[in-house]
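TrEMBL lists B:27-261 with the feature domain 'ABC transmembrane type-2'. Marked as transmembrane segment by TrEMBL: B:28-50, B:62-86, B:114-133, B:139-165, B:172-190, B:235-255.
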Amino acid sequence: MDYSIYAEGLRKRYGDKVALDGLDLAVAPGTVLGLLGPNGAGKTTSVRILATLLRFDSGTARVAGLDVRSNARQVRQRIGLTGQSMAVDDVLTARENLVMFGKLFHIGKSAARQRADELLAQFGLTDVAGKPPQTFSGGMRRRLDLAASMILAPQVLFLDEPTTGLDPRGRMEVWDAVRSLTAQGTTVLLTTHYLDEADQLSDRIVVIDHGRAIADDTPAGVKRAIGGDRVEVVALRPDDVDAIASVVARVGEPVVEELRVHAAVTDRVGSLTTVARDLQEKGLDVEDIGVRRPTLDEAFLKLTEKVTV
Amino acid sequence: MSQMRWALSDYQTIVQQELTHLVRQPSLIAWQLGSPIVMVLLFVFVFGSAMDIGGGADFTSFAMPGMFAMTMAFGFMNTAMSVAIYKEKGFIDRFRSMPMAPSAVVTGRGVSDLIHAALDLVVLALIALAIGWRSDGGLAATLFAFGLLLWLRFALIWIGVWIGLKVKNQEAAGNLFALAFPFGMISSVFTPPSLMPDWLGAIAMWNPVSSTANAVRELFGNPVPLGGSWIEQNAMLMAVTWPALITLVFLPLAVRKYQSLGR
Ligand SMILES: Nc1ncnc2c1ncn2[C@@H]1O[C@H](COP(=O)(O)OP(=O)(O)O)[C@@H](O)[C@H]1O
Ligand SMILES: [Mg+2]
């Protein structure tokens, strides 16, 4: 298969510091790859290498079928980049920003204007086209930033932590914008340190840590590997623990840790309801009850354990 | 499209972006001119009466060309700052991921800084005229003098770009003022080096800013309290040579730094 993004054995070090330690990636055309990892995992380094901004020490990197080292210029005509910081000019208006980038892509003045208007409409910014991004919310700025990277309707789009620092509403807006792009067939590599974001937007997730892929799977597979959601009940008294465990056993394999009883579940609301109702029927009061997702830290611990064991 | 036309179109776009900034934020010019203006007022009106530059020369006529030169000298800070902001905001990454002329970002900034500097000079010259400075050198000499001032500014653009690409962030670029201040002030800008201690005077004389300041004083027909040293006697020659040398060294350094951002 011809992958839109293909990397094999990418290595990159900054002085003594190893940033990428043999990273492999393969992204099929028209799909979204979520590159998930904690700070310092090597996400930005990967994006910068694939977007022709950074040289690497060894390995292979191809984007849109072209070698990023020897065909950098052609690669640049086929990619869009939205970096970690938002590269929009705060003094120019939203529309002027897009026209400026259009001109730098040499699509011609009138085409640049026309494309700017199309993109403003696509990203829901028509109403604020004449305002400077200074006055925008975080989500709006990021959408403008996204629009700027979409001027040539690139085959491949790189998004480096597009929602970091945004409020929940801004995140939703950006997610919708990304979905509208993928609906048009753009191949996207998106980095994030939010599991739910990777889950929501990607067809496939690669989890990286210390410059290496420690998981490469569908979102469902990754969630399975890290345990997914758990129903958790904390007993008031040690004497209640056995009774609680037998209730929890109805929705999943119970794990008992002192006063804490938990089990992996798939149906979040259903299993919580079942457990709560049964506890009530048995007249068992509890300290705490709820559905928990593993934090990213726990997920990484789990995945790293798998690798090292 | 030929490479040249491709690059020219990129310059035009970047310069246009800069000019829009200036038009939308005229306060930028006021802000940047604030410090030289305050300095002029301080020197001319507060210390001026106590300043005797020798030969009975008028201090205002002596200090104004110095102020022009100093403003050009401090200008590299603006360049460094705007390049650092460009880098920090991810503009440079975006530009580099686009199929644009590789040097257009660096040189486009330079061109717009030069336009900016020309505007600065116009404003400063008007203020100088208002407080009694005059050029007696005739039109051609006066224009040549302003040309020399811009020539110095042009050379310093490359130092500014180089520094701006080198520093980590804009705060670091802002801290450079500690460096720029002595560079601007240990010169013949406000005091003749002959009145300084010998070692300091020697540094001040050889400061490129001094050569430009003295050369434009000559061209404006303003008092030039020159010592007898070679460097002071050849101010005109050096006002042309210094910026050429600086450009020769720092233009390639700036371009190389830009190209090596990917390492
Ligand atoms: N310019 C640089 N110089 C030295 N080390 C760097 C540089 N950029 C990144 N690193 C290091 O490389 C590793 C990966 O960084 P990065 O790709 O930015 O991670 P992420 O984007 O996942 O947070 C980190 O340990 C970071 O400190
Ligand atoms: Mg990063």
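The backbone N, Cα and C atoms fix where each Cβ goes, and this holds for glycine too.
Automatic, uncurated: that is what TrEMBL annotation is.
Note on the transmembrane segment (B:172-190): residues 43, 63, 66-67, 69-70, 73-74, 76-77, 80-81, 83-85, 163-164, 200, 203-205, 207, 209-210, 213-214 of its chain, located 6 or more positions outside it, place their CB under 8 angstroms from a CB of the stretch.
Two recorded stretches are said to be in contact when at least 3 C-beta pairs lie under 8 angstroms, sequence spacing 6 or more; the transmembrane segment (B:139-165) and the transmembrane segment (B:62-86) meet this definition. Sequence-distant contacts of the transmembrane segment (B:235-255), counting only residues of its own chain at least 6 positions beyond either end whose CB sits under 8 Å from a CB of the stretch, comprise 103, 106, 148, 151-152, 154-156, 158-159, 161-162, 165, 208, 210-212, 214-216, 218, 224, 226. Same-chain residues lying 6+ beyond the ends of the transmembrane segment (B:62-86) with a Cβ under 8 Å from its Cβ atoms: 32-33, 35-36, 39-40, 43-44, 48, 53, 92, 105, 109-110, 113, 116-117, 120-121, 124-125, 128, 133, 145, 149-150, 152-153, 156-157, 159-161, 163-165, 167, 169-170, 172-174, 176-177, 180, 183-185, 187-190, 209, 212-213, 216-217, 220, 222-223, 225.
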